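Inspection log for the structure reproduced underneath, given as structure tokens.
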Amino acid sequence: MSLPYPSHCLPCPLPWHLPTELGSLALQACRYPPVLPLQDFADCAIHLPTRLAQASSKRQAEYLAGRCCARAALAALGCPGWDAPQQASGAPAWPTGRIASISHGQGWALAVAARQTHWQAIGLDVERCLSTQRSERLLRQLLTPAEISRLPAHPEHRARQVTLSFSAKESLYKALHPLCGVSFFFQDAELVAAADGQLRLRLLRDLHDDWLHGRELQGYYWTLEDSLVTLVVSPAPVQTPGNVARSG
């Protein structure tokens, strides 16, 4: 029988809970060391892709920890035994009817999974809070002029806001790219609101007929030690008699 997690990984409860409206999601997390034995892939029944065979030990460890978290999240939604198959692009191939998102950083791996009957898009990201110096260097690369104009004056608060916008856009990309198949960049969306653990993002370009300039998406954020975690979601379209395919 395969192990649910590598022997040196520690599944951990997070120091916060998903809000009530996200109760149908499954979120899993673990702590992992910078190096994991290659044998752990076999012990956990997770395939090591050829492209990662010569990767750094750190990259292999985060890959394995993240996939194990995703498997646990999918199992919580009735899909046990996911063994991390991949699409031709290298992206994870999720079980039919399920979607998920993985992130890792600073020794944490996290994954969230959802039923597609409830959610059409989910994106998860964890980022270490940028230093004041680095946030200023990256400012114009990561933020739109409108976002920059709304930044607080206090250097540390400013750096945190830059980190939040950066992470939220990473989550947005993870949520929408699988749906649209279109690459987009930091200037193609903006963070328009963030308070009390909730945020809102607005698209600044058309990505698809269903994802046009001006459309807004809901997101959430939390603190995890010295990092920020963001989650962007989009509910599944409401099925009505007019948009349900008829058989026969």
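Placement of Cβ uses the backbone N, Cα and C atoms for every residue, glycine included.
Per TrEMBL, CoA binding site is recorded for Arg59, Arg67, Ser103, His104, Asp125, Glu170, Lys174. Residues or ranges marked as Mg(2+) binding site in TrEMBL: Asp125, Glu127. The annotation domain '4'-phosphopantetheinyl transferase N-terminal' is assigned in TrEMBL to 51-114. The feature domain '4'-phosphopantetheinyl transferase' is assigned by TrEMBL to 121-217.
Projection of TrEMBL feature records onto the structure.
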residue: Arg59; record: CoA binding site; contacts (Cβ under 8 Å, 6+ apart): Leu52
residue: Arg67; record: CoA binding site; contacts (Cβ under 8 Å, 6+ apart): Ile46, Ala84, Pro92, Ile102
residue: Ser103; record: CoA binding site; contacts (Cβ under 8 Å, 6+ apart): Gly66, Ala109, Leu110, Ala111, Leu124, Asp125, Val126, Lys174, Val229
residue: His104; record: CoA binding site; contacts (Cβ under 8 Å, 6+ apart): Tyr32, Glu62, Ala65, Gly66, Leu110, Val126
residue: Glu127; record: Mg(2+) binding site; contacts (Cβ under 8 Å, 6+ apart): Gly105, Thr163, Phe166, Ser167, Glu170, Ser227, Leu228, Thr230
> Given the binding-site residues Asp125, Glu170, and counting only Cβ atoms in the protein chains shown, which has the most within 10 Å of its Cβ?
Replying inline: Asp125
> For Lys174 (CoA binding site), what is the tally of other C-beta atoms lying within 10 angstroms of its C-beta?
Replying inline: 21
>> Over the span of the domain '4'-phosphopantetheinyl transferase N-terminal' (51-114), how high is the average pLDDT in this prediction?
In response: 95
>> Just to be sure I understand, if DSSP states are collapsed into helix, strand and coil, how many residues of the domain '4'-phosphopantetheinyl transferase' (121-217) fall in each?
In response: 45 helix, 25 strand, 27 coil
